Amino acid sequence: MAASVFYSRLLAAATLRSHRPRTALPAAAQVLGSSGLFNNHGVQIQHQQQRNLSLHEYLSMELLQEAGVSIPKGHVAKSPDEAYAIAKKLGSKDVVIKAQVLAGGRGKGTFESGLKGGVKIVFSPEEAKAVSSQMIGKKLFTKQTGEKGRICNQVLVCERRYPRREYYFAITMERSFQGPVLIGSSHGGVNIEDVAAETPEAIVKEPIDIVEGIKKEQAVRLAQKMGFPASIVDSAAENMIKLYDPFLKYDATMVEINPMVEDSDGAVLCMDAKINFDSNSAYRQKKIFDLQDWTQEDERDKDAAKADLNYIGLDGNIGCLVNGAGLAMATMDIIKLHGGTPANFLDVGGGATVHQVTEAFKLITSDKKVLSILVNIFGGIMRCDVIAQGIVMAVKDLEIKIPIVVRLQGTRVDDAKALIADSGLKILACDDLDEAAKMVVKLSEIVTLAKQAQVDVKFQLPI
């Protein structure tokens, strides 16, 4: 496949499915966004199939601890009683309770229990229990979760530290550097995207030689540029070098620390961690991928992963089934050009089977907002007749009652057209992509107008 989806996904400004700005694009990625890796849908394109697995903060912190990185003391609690016990064991006069949800903006979020904020400072084990009881088992709503929120199944209970200064640090993959790059800033504990937009000179970058790794002098140079005091530059550099270990060892695409701090004792600590992992490495990173929390994902994401499909739900009403991420985004663009709104991004890849095509239709039609479907296939490796078989099977098995416009070109296209013609189904064929897009937009508009007028309109298939 020439390209595919990078799963951390879409900017909140994009027409993202309401419950999931799917974690908006990682901050490190947005800092490097000027390299042209993002299209206007907010989807990042790679030269190979790549999806990112994100882990909860407490799991990421455990990986850092294994690497010898300095972090605050803390443990995960899955019940209020466990939170009480951990807070008591820490023996600190004040501790921090951090909701574990895979979404940004938790500090300003609201729980369905009414609790404001997903990060709370408490001053006794009893208060830790009371606060965690309002988090665990409750949904947290943030700008990134949308109206459906995200369930909080556990909280991280950790000691409170008092930072003198806060910094931002990340290691991420960057095409323009042809490998990993270190990113640092003296502006930590804030949205690094805002820093990149308002004061880009405050962000420093250091490319890493993928063969030699991080050199000590390189890490020291970055720490100095970030503004660490001379007395702790070496300590900061050591932590940076140690952070590269899990990045390399676990096939990470990003390790982000925000903030990395100098605390009141003069120690360098990583107070928070976000790590993304390349899903192409799942076959050799079973330990990591077994940690995936599917309760944080939409059911359609889980179904798509099982069928090895690249799917992202959006807010529109025109379903899209396409092979290849580049063609999929071009399809969304042309739908938008003609006044329509895509309901999804769905790339079936270059080697899709009849089963995968059927599963793709199940994903599309499970979204009740979808009023019409555009299938756009250019058969190179992908055979058009396989797609046609899947379409016919899906329409029959799923009893699809909404209009389907199919544009097929390439390998075995004549066989595909014959299969569709012989099926007896009212599947609208179109050779020209522009005409196909116009047609599917018009059909969605007809259904939309009918619904607004409270007129019951059904497309009966077969006719």
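The chain as shown is numbered from 1 upward.
The backbone N, Cα and C atoms fix where each Cβ goes, and this holds for glycine too.
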Original post:
Which of these, ASN317, ASN323, does Swiss-Prot list as part of the substrate site with GLY380, ILE381, MET382?
Top reply: ASN323
Subject >> Predicted model, mean pLDDT over the domain 'ATP-grasp' (61-288) >> reply: 93
Original post:
Just counting, how many other CB atoms are there within 10 A of the CB of ASN323 (substrate binding site)?
Top reply: 27
Subject >> Beyond the site residues ASN323, GLY380, ILE381, MET382: chain residues whose C-beta lies within 8 Å of the centroid, for substrate >> reply: GLY324, GLY349, GLY350, GLY351, ILE377, PHE378, GLY379, ARG383, GLY410, THR411
Original post:
In angstrom units, rounded to an integer, how far apart are the Cα atoms of LYS129 (N6-acetyllysine) and ASP272 (Mg(2+) binding site)?
Top reply: 22
**OP:** Determine, to the nearest whole angstrom, how far the Cα atom of SER279 (phosphoserine) is from the Cα atom of ASN323 (substrate binding site).
**Re:** 19
Subject >> List of residues, in chain order, with Cβ under 8 A from that of LYS438 (N6-acetyllysine) and at least 6 apart >> reply: HIS338
Subject >> Around the Cβ of ASN258 (Mg(2+) binding site), the count of other Cβ atoms that are within 10 Å >> reply: 23
